[in-house]
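In what follows, a single structure is set out as structure tokens and then discussed.
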Amino acid sequence: MMELLSNNSVPQQMASSNAPSANNVAHSSTANGSGGGSVSSNASNSSERLLAGILESFPAWDLNVGLLPNVGQSSPPRADFFINNFLGGLDTHGDFSIGPIGSGARSNPKMSPESSNNSSISCGWCEVSASIRCLECNEFMCNDCLREHRNSPLSSNHSIVSLPTPIGASPTGGSSVNAQTPPSGNFICDIHNEMLRYVCDYCRKLVCQCCTLHEHKEHSYASIQSFMVGSKEKLEGAIESSQVGTRCIKSSIDKALAFIRLIERNCSELSDNIRKAFRQFIIAIEDRERFLLDFVEKLRQRRLAILHDQMAGLKSALAGLSETSDMLSKVADNACNMDQIEIAMKLTNGQRQMEQFAGIYKDLQPKQEVFAFAPPDYSLLQDIRNQGGVILVDDKNLPIVSSSNGIVPSVSSVNAVAAASVGVVGGVAGVVGGVGVSNGLDLAFGMNMPNNPLSVASSSVRRPLLRDNSFRIPSPIMQPRGGSACGMSSGMSSAALDWELNGLRSSPGLHFSAPRTTQAIPGCMDLVKVRNSNALSLSFATEGHEDGQVSRPWGLCVDKMGHVLVSDRRNNRVQVFNPDGSLKFKFGRKGVGNGEFDLPAGICVDVDNRIIVVDKDNHRVQIFTASGVFLLKFGSYGKEYGQFQYPWDVAVNSRRQIVVTDSRNHRIQQFDSEGRFIRQIVFDNHGQTKGIASPRGVCYTPTGNIIVSDFDNHCLYLIDPDINDILSVKGHEGSGFHEFNRPSGLCCDDEGRIIVADSKNQRILVFNQNLDFMWDIEVRPSINPLMPPTLDEKDRTCDVAIMPDGRIVFLIELSPDSKEGSNPYKRFVHVF
């Protein structure tokens, strides 16, 4: 193609330019002879360097990390590297030597200096055909003028390049038979308007000769011909690198989407955790406030009673003293008419009475008592303001689980790491203010949200609007006991509570005097675990009005001795049966007085073996001893706190908290053991279809949560009473294994299994702790031949309970269109 000086470095060439003209000519021919080998050697070295780095020239993709920088090991090129590398890509032709030239004004060439075609370019000094070009002067010269140009002190170190061989011409100057088409503008340098002849390995772009001497002077480059050696391997490597890069980028995008969902879920859990945690502080303060106010009220009443008693005694003494004074006055007035003995008797009696009245006056003397309020330690306010915090769990300790959209951390694992890192209750170690740092951790969250899809309501379901219009009675503060986050005993299987824990995440510290764990049968010494049995073991309670007979019963429960308690609704009484089905005793009658009922419904027994009965049409709840003696009642008709409109079912937990389904008020209410209102959860018609129009059955789970059956919307709700929030929703109308049709009574065993009376589907459903179907009991004789043939095909299940040995006992009710007394042999209580 072209020729540039020789294989020597620029300083050597500049030194040689000072030699005589003859020597210069000889040296020029010698240089040309040896230059070809040097050029070939340089081209070979450049190609080897380029090919050796083919694989290293593409980005290094890491599928787990992303795009990693490719750090090269080559050192910067030498100062004269661009000359040697430049010569490697040149073809030589013709001779030229460097000699002294003079300086003087010369005319411009006939073509523009930017043109790369020298077929008609003339020397700007002597009008001879130009063969070289001075880059600094931007002038074309012939070989003779170059010598004069070199001899000038001002231009002795200028950069000289030879002009390219004309397109279509042979290197020797002859015409080419197959003339090539001139390159288009796309192959011309945008800066110097020169043909692109080299590939800059550093910049990954094509450059011209001028670029190699200026903009890319310190870079490593090679000719296009050398670069094209191994082009197939380069293309394959580039394609492979692009494919790997595509997979890496897509994987990173999937990770980002997964992390976005994780952040939304995590922040929601953080908010719930913060509300639940600080709610305990609020509850503790409210409890203390109510305790002190209650103490002041009792103190006021006691002091007023004492003062009123003192006033009554003093008034009595005053009246007696007045009578004595009148008697003595009469004696004084009639002394002349009275015997001495009579006078002495009157006088001594008067003196004795006056001494008694004086003693009363002395004993009943009012005393002034002034109490003062000892204010709390206000320095605790700052400590309370600094409680809690949010820390970042260290990624090094963060367990990783796989996801369909990438690799994402498990939130439950994050909680375990956060809890282990923090190791404190109610706060964060080393946290000061709202955001703290503990052992290099910057922010924290600690709530469990497993990925069970059953743990939350469907996104298409609008959750009921909850009102927190409640207050709590004074009660001592007690930290949770047991090894779990819910304060459960360490022996209880945490896997048995997955459905609740999926929605619950974790439970706060308790604010009542008992742990949150609740037994299936209060006070039972053994673990009650429901067992799968299709064999009918016992049936009793025929229809009628005699002892041991029932009329449209609804409520059912079992005590720790295995006695079966039934709310005999139409007979307005409660009957207690022995485990063998024989009647033990009964109590109650129709009326509105204490111990009287008007259609009793739900029934349960607490840890003290007290019997709690919902007096439905009297709109109240009554509590009796284990022998049926009336203790107390609470509730009346209305919509206010503590009032009911047709309450239906009742349940009690280990803290003796009583929960009642208030069907017509579309809510549930919670009370303490004495019937004092604690809280309510109101459902404002925002359920799957028309809201909880009629909450029916209710029970406590082993962790103290509440499950409510929605009679009209055919579903179950899992509720955390401490935060007044619905955690999970399950079911819809249908006859499948995960569907309900008028669900009614329900209960739980000690491992969290849920037993539901699916009323209109005429069956009993048993679910595990995740609400996955386990088995069912059909009550229609046509489907279940083990059922007594005396049952009608329209009979429904209404309530269910568990015997201490794990057998299921359920209650049958007549369908609304059935006629009473149609079958005297029909039994309403069945044990499987």
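A Cβ is built for glycine as well, from the same backbone N, Cα and C atoms used for every other residue.
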Annotated phosphoserine residue, as Swiss-Prot has it, among Ser97, Ser103, Ser156, Ser506: Ser506
Residue from Ser475, Ser694, Ser815 to which Swiss-Prot assigns phosphoserine: Ser475
Of the residues Ser107, Ser242, Ser567, the one that Swiss-Prot lists under phosphoserine: Ser107
Cα distance (Å, whole number) from His192 (Zn(2+) 2 binding site) to His149 (Zn(2+) 1 binding site): 23
Least buried by Cβ count (within 10 Å) of the binding-site residues His149, His216: His216
DSSP-derived class (H/G/I helix, E/B strand, else coil) of His149 (Zn(2+) 1 binding site): helix
By Cα-Cα distance, the member of binding-site residues Cys123, Cys126, Cys145 nearest Cys189 (Zn(2+) 2 binding site): Cys123
Residue counts (helix, strand, coil, in that order) that DSSP gives for the repeat 'NHL 1' (537-580): 0 helix, 20 strand, 24 coil
For Cys189 (Zn(2+) 2 binding site), the number of other Cβ atoms found within 10 Å of its own Cβ: 19
Helix, strand and coil counts within the zinc finger (184-224) (DSSP): 9 helix, 11 strand, 21 coil
Length of the line joining the Cα atoms of Cys211 (Zn(2+) 2 binding site) and Cys126 (Zn(2+) 1 binding site), in Å: 28
Among Cys123, Cys126, Cys145, Cys211 [binding-site residues], residue with fewest other Cβ within 10 Å: Cys126
